[in-house]
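Engineer: Got a structure here, written out as C-alpha cells. Questions coming.
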Amino acid sequence: AALRRTDVILEVGPGTGNLTVKMLEKVKKVIACEIDPRLVGELQKRVQGTCLANKLEIKVGDILKTDLPFFDACVANLPYNCTNAIKKISSPFVFKLLLHRPFFRCAILMFQREFALRLVAKPGTKLYCRLSINTQLLARVDHLMKVGKNNFRPPPKVESSVVRIEPKNPPPPINFQEWDGLVRIAFVRKNKTLSAAFKSSAVEQLLDHNYRIHCSLHNTV
C-alpha cells in the first residue's frame, strides 16, 4: 500500500484489529468500518489507553449502506468465506469504491482467489466476465500475491489472493450505468452470440422502454 504518515486509510471489516494496529503505527488516521458490535468493542479495548486511540475512527454498520468518507487508500480483508458473501459484498464493494469521489490513490484488498482472478482476467480466457470488463474499464488491477488458507486460524475453505486496484483518473467519458446495462446483456449467456442476446423478447422490451424514456427526456418523437 506504500502507506504514508499523512494518509487516511479506510479499512473494512477490521475484526479484532490485527491489521488495524499495524496501520495505525504508520499513518495519520484509520477509519475502520465494522458491522459486528462485539468486534467493535474488542477493537476499542485493544487501543484504549494507547497513543493509537486518537488515530482510530470506528464506523459501525454495513459498508454497502454507508456513505464512504474521504480516504487516501483502502486496505482490507473482506469477508468472503462463501459464494453468497462474494455476491453480497465483494463485487458491490469494488464498484462502490471505483465510483467513489474524490479519487483515492489505491486499494489493497484480499479476496477469494477465484474472485481476484476474475478481476484481472484477460479477453478470451475462461474467467473473463462482466466483472473483468467493468473493473478494468475504471481501474488498473494487479494480482499481488496468493495467500494459502493455512495462513489463517481457523483455516477457511478457500484460497485467497491480494490485489491492488488503482482508479483511472480521469475516468473514461461514459455513463457507467448505461455501459453496465449493455455489458450485462452481452454476458447474460456467454455461449450466445451478441445478435441472439439482443433479439430476445425481454431485451427488446427493455430497449424499447429505455428508448421511450430517452425520447421523453430529450423532447423527441
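Glycine residues also receive a Cβ, built from the backbone N, Cα and C atoms like all the rest.
Grabbed the feature section from TrEMBL, which reads as follows:
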- 1-169: domain 'Ribosomal RNA adenine methylase transferase N-terminal' (DOMAIN)
- G13, E34, D62, N77: S-adenosyl-L-methionine binding site (BINDING)
Engineer: Could you tell me which of these binding-site residues, E34, D62, has the fewest other Cβ atoms within 10 Å of its Cβ?
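Structural biologist: Lowest Cβ count within 10 Å among the binding-site residues (E34, D62) is D62.
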Engineer: Restricting to the chain of N77 (S-adenosyl-L-methionine binding site) and a gap of 6 or more, list residues whose Cβ falls under 8 Å of its Cβ, or answer none.
Structural biologist: G13, G15, L19, L109, M110
